[in-house]
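Feature annotation from Swiss-Prot assigns region 'Amidoligase domain' to 1-266; the stated evidence is sequence analysis. The UTP binding site feature in Swiss-Prot is assigned to 14, 187, 188, 189, 190, 191, 192, 223. Here Swiss-Prot flags 14, 147, 148, 149, 187, 188, 189, 190, 191, 192, 223 as CTP binding site, drawing on sequence analysis. The ATP binding site annotation in Swiss-Prot covers 15, 16, 17, 18, 19, 20, 72, 239, 240, 241. According to Swiss-Prot, the Mg(2+) binding site annotation covers 72, 140. Per Swiss-Prot, the feature domain 'Glutamine amidotransferase type-1' maps to 291-542; the stated evidence is sequence analysis. The L-glutamine binding site annotation in Swiss-Prot covers 352, 380, 381, 382, 383, 403, 470. The feature active site is assigned by Swiss-Prot to 515, 517.
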């Protein structure tokens, strides 16, 4: 069966929620029994977001196969069952890199390389490749219509729509319909101008998703339909909602999934949203609440920890609790002391890079260990917990990571120079390797030790979790730390790399080298986060 395409663009302003809208529509189509995937096309020139500042771009989401991608792919995986891969996200930088590589290799036989056709052909080829095998592929274009950067992507999609046939393509455009309090009405003119901008490059939208803080009246929807040349039933009002997980039902109530299926002549059962109804019920009917302190380096932009934030909320759903997240800059722990950690039910230290704020994370781990506060450390949060234990329990006063201090007496964390990837191939790195694309990335197997909290939570011996790091526990110094009581409860498949540590005689102190947040979903949660939030609730009873 041929793949059908839905191209999602945005207009008027950025940050309207194209990714959430695309994921919600995908969830609806999946609930009708269709096989759906989503792709994100990013117009920036970086090859991938792997080396971009978290405070500028937000979180880097890691896929099962090790791609460092846009955080929207996290939304996609939280809404649908399809796992994202390297094929689901590419940038202008990646496209140009590939075209230039082919030119140097002589693939173009001496032709003059141009945006059209060479860049647009490469974009089309990647979209077709990523969409192969699915009933519907939803392709989101980053940025706003009118941006210079996104023009090659839009031109490529215009051409693709012509080539595969308009009966197999839908252009879905998100716009802002602002409410003007002084006039007491919503204004449709920005939407009309945004559609005019699309028309100027040869694209007629088939569906308009109109973002507003309220439902758009029927008469205004009729006006938008008339002046934008779109059927009235394809003008969808998408108001602000309390939970993003309400959006699939909101789109369904206006018949968007039915419109798509009719357009593509797809037969399917009515969308079964019972799982989403259960999510919303648990969200609306909590039996208690907990406050989790997230001690990080990039807390000025919560999106830098988007998947962690969502995983905590999912754990709240699992435990029927409302989770309040208190963001604490790890540098504040250094300058103001551990008083900033008081009145927390649990403490989570997420990943990060660089020495800034690390001593604050180490102090945080010490505070949680000594005061019996439930602690979950992720990536750097595990490494700082191990450094703290080495310094204050194992007597290794100068313990540190070679990432931060090159010549410390006890480099308990060191650069991984060799590891085995998921296929069993050995990868090697040195301190001179490029920063981009050189980490231990993607899903790796982990062996859990019998009798550990981790084994109890997961309920099985072997798990698979996603990684993004280039430093690991130094095995030569590990015996000294274990002799002081620290338990290693998770190891890599070849038993060479430490994956999970636990502090014994503590209510709940678990830290992992991998990133469990990337596989947490609202429907299924994640065992580590669920166990952590449950322990935080039990901590209130003390």
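Just so you know, the numbers here start at 1 and follow the chain as drawn.
Using N, Cα and C of the backbone, Cβ positions are placed for all residues, glycine too.
Features as recorded by Swiss-Prot, highlighted on the structure.
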residue: 17; record: ATP binding site; DSSP class: coil
residue: 72; record: ATP binding site; DSSP class: helix
residue: 187; record: UTP binding site; DSSP class: coil
residue: 192; record: UTP binding site; DSSP class: helix
residue: 223; record: UTP binding site; DSSP class: helix
residue: 403; record: L-glutamine binding site; DSSP class: coil
residue: 470; record: L-glutamine binding site; DSSP class: coil
residue: 517; record: active site; DSSP class: helix
Next item on the list: Have a look around residue 148 (CTP binding site) and count the other CB atoms within 10 A of its CB, chains all included.
Entry: 8
Check: At its widest, how many Å does the recorded CTP site span between Cα atoms of 14, 147, 148, 149, 187, 188, 189, 190, 191, 192, 223?
Finding: 31
Check: What Cα-Cα separation, expressed in whole Å, is found between residue 382 (L-glutamine binding site) and residue 515 (active site)?
Finding: 11
Notebook entry, point to check: Using a Cβ-Cβ cut-off under 8 angstroms and a sequence gap of six or more, which residues of the chain neighbour residue 14 (UTP binding site)?
Noted result: 143, 144
Check: In which DSSP state, out of helix, strand and coil, do we find residue 140 (Mg(2+) binding site)?
Finding: strand
Notebook entry, point to check: When you tally the Cβ atoms that lie within 10 Å of each candidate's Cβ, which of the binding-site residues (190, 352) has the highest tally?
Noted result: 352
Checklist line | CB within-chain contacts under 8 A for residue 191 (UTP binding site), separation at least 6 | finding: 11, 12, 175, 176, 177, 208, 210, 224, 228
Next item on the list: Give the distance between the Cα atoms of residue 470 (L-glutamine binding site) and residue 240 (ATP binding site), rounded to the nearest whole Å.
Entry: 40
Notebook entry, point to check: Looking only at Cβ atoms, how many others are within 10 Å of the one on residue 187 (UTP binding site)?
Noted result: 15
